[in-house]
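Peer 1: Please find one structure pasted underneath; my questions will follow.
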């Protein structure tokens, strides 16, 4: 995972399996988490921890154990790479389980601060739609995080980096993923005290198990949200270009609605198959939200926004409703955006309405003439 200030221009991305965005001007003050900040997080979130009787405390691993698990970080075990370092698939003999092991680059984008925040957050928080942190390693200058292994990779892999021969996501699976990701965000916003602002929601941070069940990952940028009569927390602007809420990019004032905006961008990606920022497109279509806003105003154009990879196999009413949710989430004014709980309600309903492509006609004509409808995902 990599970050750049949200207000900056998108830089060229390295072609890796994970985002290769660039983080700029990381200050030395970011390389540690203050004792008061850690204490506040621990005490404030302790109630959430105590409510989860099935919570598993993160284990500590030696570097030697993780080297053995990945066969000395062999290239064949590499499953992801980005500005933070590399992710390997490994087998933990001590727990008899397969795991994803993230080895942070000493000179990479994720410093000690982000490492500590992620260990702290994922040790205290537990929800089916959050990735499970198995443990970590802090031997000498080595920093590694050990997660449950998610065999289908990230949502980004299935929307934008589809390998040859891989079937695109069908409509039902897309709505299932959208609803699950929203539930993970709802847990952070509404089920913890104080709330947690994720701050880095994007397709590459939504991981999928072998049944396309989504889990949010990478909590290095997460912040404790406002409490009492405070409406926001002020922080240096960090995130990924294309996903940041405009008011956060301009002022550094972070709210729960900042996450809702980011979710709206992700939902648009799920529906349209387009990237949040795509420099390969014409000028007016490079920014997904800017491209979508004029189309939101004319329902007759909604079918133009459906991912061509769906080949017209989607429910028109479901498409309109999903786009309506996305449009509300990416409103420029944060007070006009819905609460994430309302988003969960809407998307859970859409996910429950199973679409049968064999029982309904193909919509539109955006796919190539003569292209046969795809078979249903098994």
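Note: Cβ is positioned from N, Cα and C throughout, glycine not excepted.
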Peer 1: Match it up for me: which of 1-49, 50-98 does Swiss-Prot list as region 'Disordered'?
Peer 2: 1-49
Peer 1: When the Cα-Cα distance from residue 87 (ATP binding site) is computed for each of the modified residues 147, 204, 248, which gives the smallest value?
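Peer 2: Result: the closest of the modified residues to residue 87 (ATP binding site) is 147.
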Peer 1: Let me know the most crowded of the recorded positions, choosing from 79, 81, 147, 248 and counting other Cβ atoms within 10 Å.
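Peer 2: Answer returned by the neighbour count: 248.
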Peer 1: Tell me, how many other CB atoms lie within 10 A of the CB of residue 85 (ATP binding site), whichever protein chain they belong to?
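Peer 2: A 10 Å sphere around the Cβ of residue 85 (ATP binding site) contains 21 other Cβ atoms.
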Peer 1: Using all protein chains in view, find how many other C-beta atoms are within 10 Å of the C-beta of residue 87 (ATP binding site).
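Peer 2: There are 23 of them.
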